[in-house]
Amino acid sequence: MDKGLHFTICVVTAVLLLRESSQAGEENAAEMLAAPKSAFGTDSRGAAEGLPTLTVTTIPEDPYVMVRGAELEGYCMDLLGALAGMLRFQYKVKVVGDGRYGAVAAGGNWTGMIGEVLRREADIAVAPLTVTSAREEVVSFTTPFLQTGIGILLRKDTASQEMSFFHFLSPFSKETWTALLFAYLLTCFCLFLVARLSPCEWNEPKNDENHFTFLNSLWFGAGALALQGATPRPQALSVRVIAVVWWLFTLALLAAYIANFTALLSSGSEQLPIQTFEDLVKQRNLEFGTLEGSSTFYYFKNSKNPTHQMIYEYMEKRREHVLVKTYQEAVQRVMDSNYAFIGESISQDLAAARHCNLIRAPEVIGARGFGIATTQASPWTKPLSIAVLKLHESGDLDYLRNKWWKSSCIQQSRDRWGSLEPRALGGLFLTLGIGLALGVIAALAELSSSSRRTAAHAKKSCCSVFTEEICTRLRIKDTARQNQETSGKANA
């Protein structure tokens with residue numbers, strides 16, 4: 001009886017241990033599938049688990065697929081790893097033999113990745129492969145994992161306009177220049193007014209002439225704008241308050257102007273002369289082309305738009321000179337010569353982010369998507385489409401986009417800096433206004449204190465003395481007396 005019980009316990013223990021080891025093996029296999037694989041190989045443990053192995057064809061293009069030693073990495077490799085983890089398959093990656101995406105050759109056969117999928121040399125094609133009607137007739141595509149269009153990649157100096165004669169005014173908007181002129185005149189008037197009200201700026205208002213005339217006040221304010229000292233120098237506290245606030249205002253304003261003007265000079269032109277494909281056709285300074293045999297080339301070939309037809313005819317007549325073999329060659333040619341590249345806008349955005357002297361024209365046409373190509377009878381098409389949709393919904397594809405499209409170039413373009421609007425300098429103008437108000441209040445306080453002392457000494461009313469002081473400093477009485485004398489002489 002004891003031997004039977006002991007035997008039963010041993011059997012149950014062995015079964016439990018085998019089950020735990022089997023579950024651990026499955027978890028390790030799932031982790032192995034979720035990790036990026038070798039560029040030209042597979043993992044034997046995945047095959048030992050009985051997982052299907054897919055042959056994947058791709059094409060090197062930054063940042064989708066990039067060779068790093070013996071490994072491939074990039075957006076498409078991360079996407080492939082995520083799909084393998086979701087659908088539980090093993091894969092081995094091969095680079096397309098002829099280095100092409102896929103187009104119909106002269107004999108009717110397909111080249112590139114499309115041709116390899118059709119010839120069963122690969123099960124799927126994971127790359128920046130555009131979904132087109134011609135390709136859809138021979139292969140099946142999944143739901144697009146990335147949306148794009150057709151744009152124009154230019155070098156900034158070849159696409160720039162000549163600077164206008166008044167380009168130095170560009171750092172500030174018209175409203176800002178108007179506000180600056182108003183602030184200057186108001187400050188100079190406050191300097192003139194406060195200097196006349198303050199008893200510290202002259203000892204004998206009836207005999208002495210105040211140095212802060214309106215013209216001298218204008219000169220003082222202009223000297224501060226140029227960061228130069230100007231006479232007369234203020235003596236009263238109230239005048240000094242206004243002078244200090246104006247100096248701080250001009251210092252901050254000049255710093256903003258210099259920074260913005262430097263950004264404008266480094267960003268090239270104020271506006272690209274080539275905004276659309278029609279502008280590209282009209283100009284004669286730049287050659288333009290696209291990838292040979294790409295979907296972009298056939299888009300213009302099949303388009304009924306007159307402008308697009310002109311672009312196709314130009315590229316067809318000069319195909320030996322304007323069509324390029326690879327995307328890297330296209331970017332290098334744009335950087336080295338007077339050449340405009342027509343291609344996928346999303347790839348051009350990456351080029352513009354990594355090369356500060358490149359820019360993409362605003363117009364984008366032919367909205368399209370990148371999809372995974374499979375054979376038409378493939379059982380993987382629908383599961384892959386569903387998996388791509390799940391990655392869309394979970395935000396994983398947005399994460400991959402931000403990861404691989406991260407800019408290494410700090411753009412200082414006009415779109416980012418632009419003309420400084422008054423709102424951006426609102427606090428600066430507010431500080432100036434508060435300083436002017438404090439200066440006026442300080443001048444009135446100084447005059448009031450002086451009037452009280454004079455009234456106590458002369459035994460007069462403080463209000464009457466204060467009024468007389470203001471009239472004397474503003475020459476109100478002298479002007480009235482001169483008017484009376486003039487009218488009296490005229491009557492005589």
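Every residue gets a Cβ built from N, Cα and C, even glycine.
Keep in mind that TrEMBL annotations are predicted by a computer and have not been checked by a curator.
Annotated L-glutamate binding site per TrEMBL: PRO128, THR130, ARG135, SER295, THR296, GLU344, in sequence order. The disulfide bond annotation in TrEMBL covers CYS356-CYS409. Per TrEMBL, the feature domain 'Ionotropic glutamate receptor C-terminal' maps to 53-407. The feature transmembrane segment is assigned by TrEMBL to 177-199, 211-231, 237-259, 424-445.
This view paints the features noted in TrEMBL onto the structure.
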{"residue": "PRO128", "record": "L-glutamate binding site", "Cβ contacts under 8 Å, 6 or more apart": "ILE59, GLU61, TYR64, CYS76, LEU146, GLU344, SER347, PHE370"}
{"residue": "THR130", "record": "L-glutamate binding site", "Cβ contacts under 8 Å, 6 or more apart": "TYR101, THR148, SER294, SER295, THR296, GLU344, ARG368, GLY369, PHE370"}
{"residue": "ARG135", "record": "L-glutamate binding site", "Cβ contacts under 8 Å, 6 or more apart": "GLY102, ILE114, LEU129, PHE141, SER295, ALA373"}
Long-range Cβ contacts under 8 Å made by the transmembrane segment (237-259), restricted to residues 6 or more beyond its ends, are 171-172, 180, 183, 187, 190-191, 194-195, 197-198, 200-201, 212, 220-221, 224-225, 227, 420, 425, 428-429, 431-432, 434-436, 438-443, 445-446
Taken over the domain 'Ionotropic glutamate receptor C-terminal' (53-407), the predicted model's pLDDT averages 85
Given the L-glutamate site PRO128, THR130, ARG135, SER295, THR296, GLU344, its other Cβ neighbours within 8 Å of the Cβ centroid, in chain order, are TYR101, LEU129, VAL131, THR132, THR148, SER294, ARG368, PHE370
Largest C-alpha distance in Å for the L-glutamate site residues PRO128, THR130, ARG135, SER295, THR296, GLU344, as a whole number, is 17
Using a 10 Å radius on the Cβ of CYS356 (disulfide bond), the other Cβ atoms enclosed count 18
